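Asker: Dropping a structure here in structure tokens format, bear with me for questions.
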């Protein structure tokens, strides 16, 4: 019964999301945490272009912080409700330039002495279009550095799942924005 309900909801929602995607080439995530805030924009001119991810995050400790797209656009229990990294292809964790990685693996952002991270990167797997869209999922910045799937010893197993990036400092749902 639950699966039937889930199928009905999916069939009702996804055509609307796909129609909306055809009207916009841009999405936004407003990140909120206890002390960390930010705004991240994702722009993709067409389905065949790379996504451009840019924005600013404030309130971080100086240094590197894991930066990912997570599976769910759910914040009912804080950022933990966002679930694992977005991974539609069933890969292990890696860095943004790794051949094997989750779609959501965007590496690290670096906060300066002022606690601000300015972000501008491109990505070939993140997309605003089609069945693997990041729209409706969550953008998360972590308290610690992502080891890009290269952890060793007792950190190796978790490294292949999360990059050992630590607690979730802030998150926000990735929503469609007005076209640019």
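Backbone N, Cα and C define each Cβ position, glycine as well.
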Asker: Suppose a student reads Swiss-Prot and sees 85, 102, 105 listed for Zn(2+). Which of 65, 93 should they find annotated at that same site?
Answerer: 93
Asker: List which of the binding-site residues 93, 102, 105 have their Cα within 10 Å of the Cα of residue 142 (Cu cation binding site), in sequence order.
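Answerer: Near residue 142 (Cu cation binding site), where near means Cα within 10 Å, there are no binding-site residues at all.
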Asker: Determine, to the nearest whole angstrom, how far the Cα atom of residue 105 (Zn(2+) binding site) is from the Cα atom of residue 68 (Cu cation binding site).
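Answerer: On Cα coordinates alone, these residues lie 5 Å apart.
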Asker: For residue 70 (Cu cation binding site) and residue 102 (Zn(2+) binding site), determine the Cα separation and express it in whole Å.
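Answerer: On Cα coordinates alone, these residues lie 10 Å apart.
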